[in-house]
Amino acid sequence: MLEAGVDLVTVGVFSWAHLEVGPGDYRFAWLDDVLGRLTSAGIGIDLATATASPPPWLSTLHPEMLPMTREGTRLWPGGRQAFCPSSPIYRTYAAHLCRQLAERYGDLDGLQLWHVGNELGCHNALCFCDVSATAFREWLRARYGAVDALNDAWGTAFWSQRYTDFEQVLPPRSAAASGNPTQELDFRRFSSDELLANYVAERDILHEVSPGVPVTTNFMVTEHIREMDYWAWAREVDVVSNDHYLVAADPDSYRELAFCADLTRGLAGGGPWLLMETSPSAVNWQPRNIARRPGELLRSAIQHVSRGADGVLFFQWRAARAGAEKFHAGIVPHAGTDTRVWREAVELRQVLDAVAEVAGSVVHNHVAIVFDWHAWWACELDSHPSVDVTYLDRAHALHRSLTDAGVGVDLAHPEDDLSRYDLVLVPTLYSVTDTAVDRLLAAAEGGATVLVTYFSGIVDEHDHIRLGGYPGAFRDLLGLRVEEFLPLRLGETVELSNGWTADVWAEDLRLAGAEALATYVDGPAPGVPAITRHTVGDGSAWYAACRLDRAGCDGLVAMLLAEADVAPIAVVPPGVEVTRRTADDGQSWLFVVNHTDEDVVVEAHGLDLVEDRQAEGHVSVDAGRIAVIREM
Ligand code: GLA
């Protein structure tokens, strides 16, 4: 580890079965030894509370703590994280273990961070057992007070679903027809809250017994996982930390990484955060686990740093000989240290040392994309107009167009004060609260340019349609009214009057104050506006009523940037990322990550910390390489 320059190690994540070999029978000698060795080597410790996966003796004693699927199948132990998040048995035993560890190691030299559980909600986010049912009812009682308030919110007049007592309410288990959408939505809110409660219970013990040591739990901000409302979670952690793994099937997976890193920074309030896990090369849990290409480790790590991470950790140190993850890469591969992966990890450490001065700096952007887990859940409920409308699609598309334009972007909650941005993008925000509507209106009136994309503002937080024509929440903002959705067939495209192409979606849209910037040439609504603009106060509100292809999305973003007067950080070809971090004293650093096979030249003034060379007007970045410029 010293040879690789490792200075922080996560320890003990899945070690409950080794630490507590029977109820209250704790064995710490082996952990004393490991922590002692790390401490004497001067390596920092991120100590897990080890509650991520209960040991077999516990589920044997209490099989009622095992989770249950939507269909009613009890999941067996044998994998990991086999517990119901609402289980009082789990919570009691986890709290005991957490307290034991805090008391034993809470003031250990070298303890830098507490790591609660692990990826809470990985595998067991939604549990449908009777214990969960009881907890769900409690949560609903607290939310609604009276059962008739629940009936109103859930629209139970429909399909004879009216409840006369909370005791009749169940989790949304597998049913004969489409379930109640608001029940499903509330169950997702409840499930996120239950997992968060597990975190908070352990955090409070750690704060009490081990004061002064920050506490985190590793988030999973990734396109694979959507069950946790991390805006709510971010308020409870001392340090935002995230795990990110590349989507192997996507040859341009660095784009999803960039989006997730920006979203993680949003969760951290714009400030620094920690990359808690990524893989040194291939993972083992995707269908085809693609090894990282030469140089990719450095590029990925610097992408995270460029978007606000102040540290980069890996899963895992040594590739395992046995167990389900034995084909998952480690910094020390099965082949040992005479390997490319090892050498690239050592090189990464050298680069991180060279750019260490960026730690503590933040990212300020003029553009925001609005993002909300509740809207994600609601948008993808079943029985909707088209299965082709998915939540992340437009968010990713807009992020990609901005990145290719060399423009940095923040991810913001819809109820944030958005008026500090010049350009605010609202992709597929299907459900929206009145507060969020006010925030967007205020931003536009104050001079911002706002873009809303289709299937936004359709329902309130109970998933009730906002009546009077779509998008009910944004009709006034956008100056238009949609009479009917006109989703397209699979593969069908429509042409727009300005030469752009779209698919998936169109609408029968009437102007009510807005102007049409483009209309449909063909498809289900020829002549009807597809792209509109509405002057609002000192700003404007634009609407995209269809799913633009890449060129159209790039074209629209270029127009929006021009109207909002947002300049790029630098002009770059697609596949080259530029980002900027800034310190309190005004010192800034320009990051360039070249994902392409061509060398590029980027405008820059200052010192390239990676190559230790002056950039006087420009920096040349080789194919697949990076630069970090301390700007003059
Ligand atoms: C997650 C877990 C790790 C490991 C990796 C594999 O991030 O936290 O324990 O399973 O996935 O990629």
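Note that Cβ sites are derived from N, Cα and C of the backbone, with glycine treated the same way.
Copied over from TrEMBL, here are the features:
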- 1-353: domain 'Glycoside hydrolase family 42 N-terminal' (DOMAIN)
- ARG80, ASN118, TRP285: substrate binding site (BINDING)
- CYS84, CYS127, CYS129: Zn(2+) binding site (BINDING)
- GLU119: active site, proton donor (ACT_SITE)
- GLU277: active site, nucleophile (ACT_SITE)
- 366-566: domain 'Beta-galactosidase trimerisation' (DOMAIN)
- 575-631: domain 'Beta-galactosidase C-terminal' (DOMAIN)
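A map of TrEMBL features onto the structure.
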residue: ARG80; record: substrate binding site; contacts (Cβ under 8 Å, 6+ apart): PHE14, ALA52, SER53, HIS123
residue: CYS84; record: Zn(2+) binding site; contacts (Cβ under 8 Å, 6+ apart): MET65, LEU66, PRO67, MET68, TYR90, ASN124, CYS127, CYS129, VAL131, SER132
residue: ASN118; record: substrate binding site; contacts (Cβ under 8 Å, 6+ apart): VAL13, PHE14, ALA48, ALA52, SER53, GLN81, THR217, ASN218
residue: GLU119; record: active site, proton donor; contacts (Cβ under 8 Å, 6+ apart): ALA52, THR217, ASN218, PHE219, MET220, ASP243
residue: GLU277; record: active site, nucleophile; contacts (Cβ under 8 Å, 6+ apart): ASN218, ASP243, HIS244, TYR245, LEU313, PHE314, PHE315
residue: TRP285; record: substrate binding site; contacts (Cβ under 8 Å, 6+ apart): GLU325, HIS328
Could you tell me the mean pLDDT the prediction assigns to the domain 'Beta-galactosidase C-terminal' (575-631)? 98
So which of the binding-site residues ARG80, CYS127, CYS129 sit close to ligand 1, that is, with a CB under 6 Å from an atom of it? none
When the number of other CB atoms within 10 A of each residue's CB is tallied over all shown chains, which of the binding-site residues CYS127, CYS129 has the maximum? CYS127
For the Zn(2+) site given as CYS84, CYS127, CYS129, which other residues of the same chain have their Cβ within 8 Å of the site's Cβ centre? MET65, LEU66, PRO67, MET68, PHE83, PRO85, SER86, SER87, ASN124, PHE128, ASP130, VAL131, SER132
Per DSSP, ARG80 (substrate binding site) is which: helix, strand or coil? coil
DSSP tally for the domain 'Beta-galactosidase C-terminal' (575-631), helix/strand/coil in that order, comes to 0 helix, 38 strand, 19 coil
